[in-house]
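Colleague: Pasting a structure here, questions to come.
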Amino acid sequence: MIPQQSDQALARIKAETLIESLDWLREFHGRIVVVKFGGNAMVDEALQQAFAQDMAYLRYVGIRPVVVHGGGPQITARLAELGIPSEFRHGFRYTDSQTIEVVRDVLRNQVSADLARLIEEAGAQTSVLSGEDDNLFRAEVVKAQTPDGEVDLGLVGEVRTVNPRSVLQALDAGQIPVISTVAPTVLGELLNVNADLAAASLAVALGAEKLMVLTDVAGLYADWPNLDSLISEIGSTELRNLLPRLQSGMIPKMQACLAAVDGGVPKAHIIDGRQPHSILLEIFTKSGVGTQVVR
Ligand SMILES: Nc1ncnc2c1ncn2[C@@H]1O[C@H](COP(=O)(O)OP(=O)(O)O)[C@@H](O)[C@H]1O
Ligand SMILES: CC(=O)N[C@@H](CCC(=O)OP(=O)(O)O)C(=O)O
């Protein structure tokens with residue numbers, strides 16, 4: 001059968017899109033890309049499925065994706081079911097001894113498990129890890145630094161050391177690591193670690209090519225919530241100056257991008273996780289999407 005003209009045009013566009021990705025495939029072949037999947041972009045099953053397909057796709061074109069996930073909305077929902085209110089201070093969940101057990105259970109047994117299942121259904125193998133496994137992360141209690149001084153966050157920590165051995169072993173075995181971020185102190189006390197910041201520490205330790213942070217907005221806005229102020233690219237000095245003016249969940253996200261590029265990761269990206277296959281669009285098209293942070 002002779003294809004219709006429109007079919008031929010469509011086929012040409014598909015071929016052009018594939019060829020457009022050749023430079024990127026060559027550049028990223030064998031490289032590690034750390035992808036942070038955010039809780040707010042994770043609440044929709046179809047988006048989760050598209051994300052899982054993207055991860056499997058990257059794996060099979062020879063890029064080595066590492067997934068670090070959040071789960072803020074899922075933790076908040078479980079806490080509400082248990083009658084425990086959620087309190088955020090400066091973008092971080094105030095965490096007491098009861099809350100940390102819920103955070104640990106939801107992230108590992110619900111969110112990691114669901115994501116790994118979807119990635120496996122998309123045809124790739126996974127290795128589910130948490131900050132507690134094989135000394136992956138060691139954390140230390142931190143307070144939030146605000147323009148008005150320090151704010152206590154309870155059992156909240158930041159990653160101080162990373163032992164990437166288990167992640168590298170999984171990658172060498174062709175698996176996609178799926179990582180939740182609760183992490184112990186040197187004394188074994190469990191801390192709630194924001195997933196954006198943990199993803200940045202891991203990206204640095206792995207010498208990743210990129211950190212990609214998916215969330216539920218199009219990127220970083222200079223003047224939030226003015227939607228005309230989307231930033232497509234920002235350097236680390238300019239971002240450092242902008243940080244004190246950021247609000248809520250964007251604070252740890254942009255701290256993470258800054259830590260990644262300061263630590264030697266060439267580029268960090270904030271990407272709209274509400275758009276299906278946004279990761280593929282970012283990696284494989286010339287224009288890219290969202291906000292790109294460079295040194
Ligand atoms: N300058 C800004 N640019 C973009 N989003 C911002 C900004 N300031 C605050 N936000 C808020 O940060 C949110 C993203 O953070 P968060 O809810 O923690 O995401 P996630 O669950 O994906 O980690 C956005 O939905 C938006 O409401
Ligand atoms: C300290 C702190 O705030 N920890 C986060 C951990 C999960 C996370 O980071 O989830 P998102 O990526 O979905 O925001 C929390 O308890 O919600």
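Just so you know, glycine gets a Cβ as well, placed from its N, Cα and C.
Pulled the feature table from TrEMBL, pasting it below:
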{"type": "DOMAIN", "residues": "32-272", "note": "domain 'Aspartate/glutamate/uridylate kinase'"}
{"type": "SITE", "residues": "Lys36", "note": "site 'Transition state stabilizer'"}
{"type": "BINDING", "residues": "Gly71, Gly72, Arg93, Asn192", "note": "substrate binding site"}
{"type": "SITE", "residues": "Lys253", "note": "site 'Transition state stabilizer'"}
Colleague: On the three-state reduction of DSSP, what should I expect for Gly72 (substrate binding site)?
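Modeller: The three-state answer is helix.
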Colleague: Taking Lys36, Gly71, Gly72, Asn192, Lys253 as the recorded positions to compare, which has the smallest set of other Cβ atoms within 10 Å?
Modeller: Gly72
Colleague: Those binding-site residues, Gly71, Gly72, Arg93: which ones have a Cβ sitting under 6 Å from ligand 1?
Modeller: Gly72
Colleague: Can you see whether DSSP assigns Lys36 (site 'Transition state stabilizer') to helix, strand or coil?
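Modeller: Looking at the DSSP assignment, Lys36 (site 'Transition state stabilizer') belongs to a strand.
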Colleague: Indicate whether Lys253 (site 'Transition state stabilizer') is helix, strand or coil by DSSP.
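Modeller: Going by the DSSP assignment, Lys253 (site 'Transition state stabilizer') falls within a helical segment, counted as helix.
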Colleague: Among all the protein chains here, how many other CB atoms are within 10 A of the CB of Arg93 (substrate binding site)?
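Modeller: A count of 21.
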Colleague: Rounded to whole angstrom, what's the largest C-alpha distance between any two of Gly71, Gly72, Arg93, Asn192, listed as binding substrate?
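Modeller: Greatest Cα separation within the listed binding residues comes to 12 Å.
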Colleague: Would you mind reading off the Cα separation of Lys253 (site 'Transition state stabilizer') from Gly72 (substrate binding site), to the nearest angstrom?
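Modeller: Pair distance, Cα basis, whole Å: 13 Å.
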Colleague: Give the distance between the Cα atoms of Asn192 (substrate binding site) and Lys36 (site 'Transition state stabilizer'), rounded to the nearest whole Å.
Modeller: 16
